[in-house]
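Per TrEMBL, signal peptide is recorded for 1-15. The Fe cation binding site annotation in TrEMBL covers 271, 319, 383, 598.
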């Protein structure tokens, strides 16, 4: 009955939502959503329409919106998903207000440390928890990666009078929600409004899709909670299901969504990459055709220089993209969107371990026919650390696992138990434990012979994720990579990822005391590790490079660290060259910082 009603309501109708992308924040906060029914050839903006007709259309729009709101309120019941005691630091926090000067600093911030902002994004549910919505059709729920985006920023500036809170430095902390238009809408209503659409009973998910589209003109919220990136002095928060949100680097105020001067009208990948020369390369993945479109924006951020449909035959989750000096590297892995599968009673997003997997190598400004596809063993990889070229080969290095923790278990399975087994490092059996056990992997793609060689670059001593490197070497040969090390026991207890260490990988150095290269005899890769205490965990680690003529690992690692025993959060600074040595500085923050996703250090020179 519900689906029939929705079908009738959507027939010949257009849902519109005045979600403005303007820097004029007052106008954005005054925006409102509505539903309007139009004939196929009619337009309420036609100049010959009489004012009386426009008034009638406006009133009908308001009435239709109220009817749909009342229908949802009557039919669906929202509820917060419960937090486990072991998930206490995944719980959201409030905004702190004005920036707070930090004076609890152990150690010294180096004189050659660059001025800038260390900033990290993450999920911070607006109404206290991730949402579920129940109805006669069943339950639909938000996944663990959803929730409104919140930025946490620590700013470093030199004191002009030689004073300051850290030996000649002024260090401050501030946090703020990413105020997308959908965020403003729900905060204004002071209740959840968008129905969850990623996981749950298929009938409930389908109804949620349709109702969100009818009410707001889009099927999901603009959360912008995954990553942040900088382009030509501008800061953006992003999640791959929608457009990035431009943010003010100093105030963390949301400026508005970025559509590249109206030329990009689809999702935007969570990990765009700067090619050598500064151009921004990215993709937009969608559940409907065109499934994957690649874009290139000029280094100054003003021009969309290239846009091409890659003509994939299926919808895929494409979280990351690689670049080398001449090529774009496309990941076509079997983590798929499939609305037809959903209609048949299956999940909308699923890792199809029996399906094909490919890696595509495309000339920077090529078209779909120019992509050279390499068939590889099925894989799940969310994060590439770097790609580069040597002779006829393109080398791709990233973190590979045998299964996906997104979106979650199949309907009816115990979610906590499923996540716990996935983090269990004692086994990597495809059908039980270790699905999320992630390791550094390498593909060598020969552009001349079309051959592929692939191997893990580390054994099973530990699982790691959220890799990063010196961004000055993006697309070029590099010798070092870094990643957060999973605390498998703590992650199993929480059913969510916790990172109790950091690792530095010497990609082309061998060390008999380190970890064996799995596919080679008698050869080892050098790895250094840092471990925190049993109740301490990293979040959003990033590389801070010395600017100028320095070696690749001349710089620092910076990360948020939370101590669950004392419930305090800090920022740690580590000398990348002395990776296993003592901390350079430890900065205590005025409040708890929840675990989140990706971080970066933005030098203030990038804003000039």
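Cβ coordinates come from backbone N, Cα and C, glycine included.
Caution: TrEMBL annotation is automatic and unverified by curators.
Residues within less than 8 Å, Cβ to Cβ, of residue 383 (Fe cation binding site) and separated from it by at least 6 positions along the same chain comprise 271, 319, 320, 398, 399, 465, 466, 467.
Of the binding-site residues 271, 598, 598 has the largest number of other Cβ atoms within 10 Å of its own Cβ. Same-chain neighbours of the Fe cation site beyond 271, 319, 383, 598, judged by a C-beta within 8 angstroms of the site's C-beta center, are, in sequence order, 226, 227, 270, 320, 382, 384. The Cβ neighbour count for residue 319 (Fe cation binding site), using a 10 Å radius over every protein chain in view, is 22.
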